[in-house]
Amino acid sequence: MANSLLSFLVLLSAIYCGTAQQKVAKTIGQGSSLTPTGNSSWLSPSGLFAFGFYPQGDNRYRVGIFFAGLAVNKTVVWTANRDDPPVSDYVTLRLTTDGRLILQQQSQDSTTDIVNPDQSVSSASMLDTGNFVLYDSNQKKIWQSFDHPTDTILPGQILSKGQELFSSRSESDYSTGLFRLKMQSDSNLVQYPVDATDAPQDAYWNTVTYGIGGVNVTLNLDPDGHLYLLNNSAIIVKNLTDGFPEKQRIYLLKIDPDGILRLYSFPLDRRGRSSSIVWQSSVDRCDPKGICGLNGYCTLYDNEPKCECPPGFNYVSAGNWTAGCERNYSADRCKNNERRIQYSMRSLENTLWEDDPYSVLKLKSTEECKSACLEDCDCEAAFYKDGDCSKQKLPLRYGRRLLSESNIAYIKWAPSTPEKAAPTDSKTKNKKERRLLILLISVSLVALAFTIFLIFGFVAYRKCSWASKRISVNVNFELMEDIAPQSFTYAELVKVTNGFQEEIGRGSSGTVYKGTLDFNNKVVAVKRLENMLADGEKEFQNEMKVIGRTHHQILCCRKSVVLGLSEEEAVLEEWVYQCFENNELAKLVTGLETDMIKFERMVRVGLWCVLDEPSIRPSMKKVLLMLEGTVDIPAPPSLRSYFTAI
């Protein structure tokens with residue numbers, strides 16, 4: 001023990017550039033304060049260690065002890081109130097005049113004690129050993145960080161009987177993590193999952209010193225990296241390391257977030273060299289129990305651990321392996337006699353979990369073991385090894401894959417969704433299919449109606465003049481040269497369509513009704529516009545101009561505002577198309593005066609508009625441009641068959 005203390009003093013003297021340059025620790029008196037964005041820390045005399053604020057996340061901070069004078073700056077070795085939420089930058093760390101070390105919110109009166117010594121604090125010091133010390137008015141030590149370790153042991157610091165180190169949650173989150181190291185009263189230094197008991201089956205590493213050396217064994221770290229267990233008689237119970245000859249280095253022992261205990265060496269020459277691992281409790285990173293959470297199992301890939309879920313399981317939280325796995329179906333269906341699901345067993349060789357069976361059977365083969373679990377609704381998994389079939393319930397703990405193990409794990413697995421859910425899914429699917437079919441039929445009918453109107457309009461190309469001359473002046477038809485669009489009153493259109501009773505089609509801007517002209521008993525189509533937005537009005541004007549230029553005989557009526565009409569009737573627009581008997585089409589085709597180029601254009605457009613696939617039918621705007629001759633019309637697929645029929 002005396003030799004260890006002597007070597008510690010010698011190394012400290014070398015670290016801090018000789019005794020001639022040693023500095024006395026600065027006294028931190030009452031009234032002293034720190035803020036995250038101002039004076040943020042109190043330094044040790046050499047500047048190697050600091051006590052104060054360090055960042056955790058964006059504009060969030062914790063209070064602790066960290067390296068301040070190394071190239072690896074801000075390496076944290078101790079944290080105060082580590083499971084409290086990080087604080088904002090609007091706080092002050094203060095040693096108050098009444099002897100308390102507190103965090104105070106600047107915007108409110110709330111305070112939090114950083115430490116709770118038994119007496120009033122008169123002053124404090126940050127020492128070059130990395131120990132933060134509080135004193136009373138007589139400069140007697142009343143509290144020190146070395147007595148309250150978090151995840152790290154520094155040279156000169158000991159882990160006494162009953163004390164523990166707790167890993168951090170991650171490399172950037174210093175709250176309590178998943179693993180712990182305990183110096184037990186039975187002289188054994190042991191690692192456990194943080195939520196496990198001190199039972200041997202929960203341990204994943206120990207020094208195998210149970211009952212050796214007495215009851216007051218401690219873990220010690222010397223400045224040269226010598227790590228050992230020492231009893232109260234100053235006898236070394238076990239050496240974990242023998243120390244290292246390199247100078248100008250400082251060592252620390254830490255239980256890392258992955259559960260491995262490691263001894264690190266840091267250079268003191270500040271040349272940017274990183275730390276190195278000089279000892280670790282295990283090289284197998286799947287050794288720490290619980291690293292993959294409940295039901296998950298750990299597999300090594302190129303010495304890197306990866307957590308996986310067994311068949312029929314998904315991660316509880318995507319991206320967070322430690323949260324474990326859960327079944328992706330309801331397990332109670334096994335007991336549902338009405339809709340009993342058909343299970344199967346999936347095997348995972350060289351895979352083991354904690355063996356905690358509710359039943360163990362002696363069976364001759366793996367097939368018998370699988371059948372025994374399938375027939376038992378309480379059985380969720382079965383482990384088979386050397387003739388023993390161990391039936392397991394969920395959750396499964398401490399899973400890992402290990403090639404040296406002959407154990408085979410069988411997991412009960414549901415290969416498909418439950419039958420009772422199928423009718424609901426089928427109804428939903430059928431309902432969607434019916435809606436889609438209705439929509440397709442509606443679109444097809446609308447397209448067909450438009451096509452019929454366009455074809456009959458072009459068929460009437462050579463007969464419109466003759467029909468126009470027969471229109472009686474008594475019904476207020478004003479014919480213009482070259483059969484231009486004409487006007488009707490709203491009342492006349494109501495009469496022609498018998499009050500808009502018979503609907504024969506729908507267009508993009510309104511509904512088309514069947515009507516009969518009184519003066520010649522001709523059947524007409526009346527389009528009643530229902531969309532009078534600015535775009536609808538513009539579309540109406542453009543269509544009328546294009547149709548007029550194609551020399552179709554179209555009788556058009558703009559609505560007349562008549563007293564007594566309702567507000568709904570006041571937004572109507574009507575088109576009346578002069579139609580002819582069906583035999584007029586044959587006359588047009590065989591007539592000498594027929595313009596076959598225009599007729600072929602009409603037929604091509606019509607055939608494009610009745611194609612079975614709606615997505616390749618032309619829009620109304622494109623139809624008008626085709627009829628006008630502005631856009632070329634490719635031959636439709638059915639053009640040859642159409643002319644053959646003619």
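Cβ coordinates come from backbone N, Cα and C, glycine included.
Among the features that TrEMBL reports, ATP binding site is placed at Lys527.
Annotated domain 'Bulb-type lectin' per TrEMBL: 27-147, in sequence order.
Sequence annotations record features per position, and here TrEMBL assigns domain 'EGF-like' to 282-319. If one looks beyond the domain 'EGF-like' (282-319) by at least 6 residues along the same chain, the residues whose Cβ comes under 8 Å of a Cβ in the stretch are 178-179, 191-193, 195-196, 202-205, 258-260, 325-329, 346, 348, 351, 353-354, 381, 394-402, 409, 411-414.
The average pLDDT the prediction assigns to the domain 'Apple' (334-415) is 88. Among the features that TrEMBL reports, domain 'Apple' is placed at 334-415.
The feature signal peptide is assigned by TrEMBL to 1-20.
Taken from TrEMBL, the feature transmembrane segment covers 436-461.
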Residues in the domain 'EGF-like' (282-319) grouped by DSSP into helix, strand and remaining coil: 0 helix, 13 strand, 25 coil
Cβ neighbours of Lys527 (ATP binding site) where a neighbour is any other Cβ within 10 Å: 22
DSSP-derived helix, strand and coil totals, residue by residue, for the domain 'Apple' (334-415): 11 helix, 31 strand, 40 coil
